[in-house]
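Q: TrEMBL lists these features:
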COMPBIAS  1-16  compositional bias 'Basic residues'
REGION    1-23  region 'Disordered'
REGION    144-176  region 'Disordered'
DOMAIN    275-332  domain 'SH3'
Amino acid sequence: MDKFKSKLHLGGKTKSKVGGTREENEISDITKFYMHFRKALNSVLQPPHRFKSTGSTKKGKANTVVYEEKGLVTYINKYSERTSGNFHQALQDMANTYQQIADFKSYRDSHLQTELFDPINGSVLTELDNISKLKKAVTDAEAEVNSARKGTEKNPQDQAAGDRLSRANGNLSQAKEKLQRAIDSFKRDDANRINMFVQGAQIQQEFYKKAADAFSQLVANLNTIKERSTNGMLDGSNNERISYDKMNMNQYDEPGYSTTIKNFSSPAVNHKEMNGRCKCRALYDFTAEADDDLSLRKNDEPTILEQVDDQWYYGELNGKKGHFPVEFVEKI
């Protein structure tokens, strides 16, 4: 009954699955779930950037995760250094908050690796791989039984053929017993596998709590700065404010996060001159995905007007201005 056949992809091979026990079918579904679980979860934890580089990785460059907040921190800090007074302080508090979120994400992902992904790879997937091998052994044993049976059908009096069939039936029984024991053992460990999900959920719960607390504090700080600005105070040199300590990630599991009370003194205004314009060459095609993007074709030579952050340039080509990715070009 072809309509009841399904395809199971294991080890890069396509294998027809016909019939089978309910437990075997369930194991197949669980296998497919784990094969794509990490990718599905990471699509939430690490949203992809608006563009993808087709081979832009450079030799010697570390393969590290760049969180979205990192670029925003760079951007805010650049303008924080060029301002003073209340506006400077507001930008500084914003940058500190987004840096905290990036640190929280880094710690979250590190712990998800050790508490969720590593146990899945080390035990769950190993057991499922063993079950897959035992299922193949059963299939091979069944094929041997069928082959031996044909020999006895051709010559019922052939003692050697009869012995072969007897051995084949014995091997099939043993293979089925091993498979069933492995399935039973796997199912008995359900609680441990569910606990891995509990650990992963708790790690994510803690991250969202920390993030919410950080933004609550940012709102409070910005409101204080706004009131000070409304009252005509140009800076906060004589007022107390809450500033963020660098998060001690070893204390991540403790509720709340550290803050200190200190006097704020606005630094001297640092007006950095924008780097002179320079030409660059496009290494890859880039298609604008927003109104303020600048599409590029490979080997185009746009002029860089400004580096927005560590991920984006703002430049001009053929009279059009817009943003394009740093990784997609090289300066010339």
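Note: Cβ is positioned from N, Cα and C throughout, glycine not excepted.
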Q: When the domain 'SH3' (275-332) is classified with DSSP, how many of its residues are helical, how many are strand and how many are coil?
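A: The composition, in the requested order, is 3 helix, 28 strand, 27 coil.
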Q: By DSSP, what is the split of the region 'Disordered' (144-176) into helix, strand and coil residues?
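A: So the region 'Disordered' (144-176) is made up of 29 helix, 0 strand, 4 coil.
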